[in-house]
Amino acid sequence: MTSATYIMALDLGTTGNRAILFDQDGQIVDQAYKELPQYYPQPGWVEHDALEIWRDTRWAMETVVTQAHIDPAQIAAIGLTVQRETCLLWDKTTGQPLHKAIVWQDRRTAAYCNQLAEQGHTQDIYDRTGLVLDAYFSGSKLAWLLTEVKRQNPNLNLDNVIAGTIDTWALWNLTGGKVHATDHSNASRTLLLNLSQGTWDDHLLDLFGIPKSFMPAIQPSLGIFGKTDTKFLGQEIPIAAIFGDQQAALFAHGCDRPGALKCTYGTGSFLVAHTGSNIARSKNRLLSTVAWTQTDKGQTQTGYAIEGSMFTSGACIQWLRDGLKLIANAAETEGLAQAVEDNGGVYFVPALSGLGAPHWDMSARGAFLGITRGAQREHMVRAVLEAIAFQTKEVVDAVNQDCGSPIQQLKVDGGACQNNFLMQYQADVLGIPVERPAVLDATAQGAAFGAGLAIGVWKDYAGLVAARKIDQVFKPGANAQTAQANFKTWQKAVERAKNWAD
């Protein structure tokens, strides 16, 4: 490695923003994190303040450098990974957002999406984008934002308006407003990217009423996007990789060939399988998406993936803490779940933001079923953890059907993986081993690996991946049969929770 001995990863997630420093061996040196406030202006609506995201990003960058006692000149590159689909509009002359960012979990555009479906657009949108027509993705959110900001400010000069997902917003700010760009992995989550061409789709921009001038330039995921303005850290540091968070985790796990897959347990759970250089079309309502892109001899090389997106997993645990006040912190859920022999007949449907794959039911809502006078707090907590494992099984079953050859092992990452009860239950219900790495921040690790490889700090991707340490492999145990029987009961509960909201 050169005299610059660190790579910084910026991991801008749904619940918080983090800066992590990695050394030349790909190991974490230090990190700084700040939880991000969530705004719920109406039921089913979720917003973030983009200025808070940027302020916390700056704070995390400066704090991690101070904590690690390093000179910013030693940072060779920055890799950026973000929550996907969350988007905003801002004024490029003032740098001010025109509205709070609409978060991926937000359902305010469900009726608008249903309208488009009734007009017969569903199949065409899937054919062009690989995505289902759902309020989850950015297209309908940007359409809503544009209508709303024009309503609030009829004299708005649209020539000054630009749009982006969180990577684009962060990049624009990091470069002092010089670069308005995104990468293919984030662009593929907007409902506006033509998946086979890798460019913005004019027909879909027209359909959603979004001017092309709003949209960022699309660049390969690995490569120099720009340099940080010297007013941050006093250095021009290349921003050398951008990934959506799930694609970054896929990259960290070394899933770069057909059939290699991982599951990340964050705010939601996301199971992603690489499909090589071909777009795989699911028969089970999984998404086709870009894994990542890179340039080889001047040509853009695209890797694709299929994905099962489950909207609510870690968010359920957060809700137990903040909404129901059943727990003081996430860590205690493990002990509570283990304190009872079973779930006491209680089942939870984690449809707090509707249901994602494989149901795609925007009207589903969360539910506890099977409650009797004997149900205790421990049973409720256990039911929530079991539900996280059950929904992953649904998606693994769908991937198995699509791929034709059953998955032999599940690689996992994300904060909820710290929960040993959840990981063991996941192995039991799947009937296959679950491999947990020592570094659970695979999203940040993937962004760091990508940036370091892009600027030549590292040359050997396979070697980097091979050096990752495994913490534990959970194997199916004595409770596997019971867990699999409970899964069938849980599927009945899911049917009861579907088609609930208008």
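Cβ coordinates come from backbone N, Cα and C, glycine included.
What Swiss-Prot records for Thr14, Arg18, Thr267, Gly314, Gly415, Asn419 is ADP binding site. Here Swiss-Prot flags Thr14, Arg84, Glu85, Tyr136, Asp245 as sn-glycerol 3-phosphate binding site. According to Swiss-Prot, the ATP binding site annotation covers Thr14, Thr15, Thr267, Gly314, Gln318, Gly415, on the basis of sequence analysis. Under the heading glycerol binding site, Swiss-Prot lists Arg84, Glu85, Tyr136, Asp245, Gln246.
Of Glu85, Asp245, Gln246, Gln318, all annotated as binding-site residues, the residue with the shortest Cα distance to Thr267 (ADP binding site) is Gln318.
Sequence-distant contacts (6 or more apart, same chain, Cβ under 8 Å) of Asn419 (ADP binding site) comprise Ala330, Thr333, Glu334, Leu385. Around Thr14 (ADP binding site), the same-chain residues six or more apart in sequence whose CB sits under 8 Å from its CB are Leu36, Gln83, Thr86, Val103, Trp104, Gln105, Gly266, Thr267, Ala315, listed in sequence order.
When the binding-site residues Glu85, Asp245 are scored by other C-beta atoms within 10 Å, Asp245 scores highest.
Cα of Gly314 (ADP binding site) to Cα of Asp245 (sn-glycerol 3-phosphate binding site): a distance of 15 Å. Of all the binding-site residues given, namely Gly314, Gly415, the one with the smallest number of surrounding CB atoms inside 10 A is Gly415.
Between the alpha carbons (Cα) of Arg18 (ADP binding site) and Glu85 (sn-glycerol 3-phosphate binding site) lies a span of roughly 19 Å. Arg84 (sn-glycerol 3-phosphate binding site) has a Cβ environment of 28 other Cβ atoms inside 10 Å.
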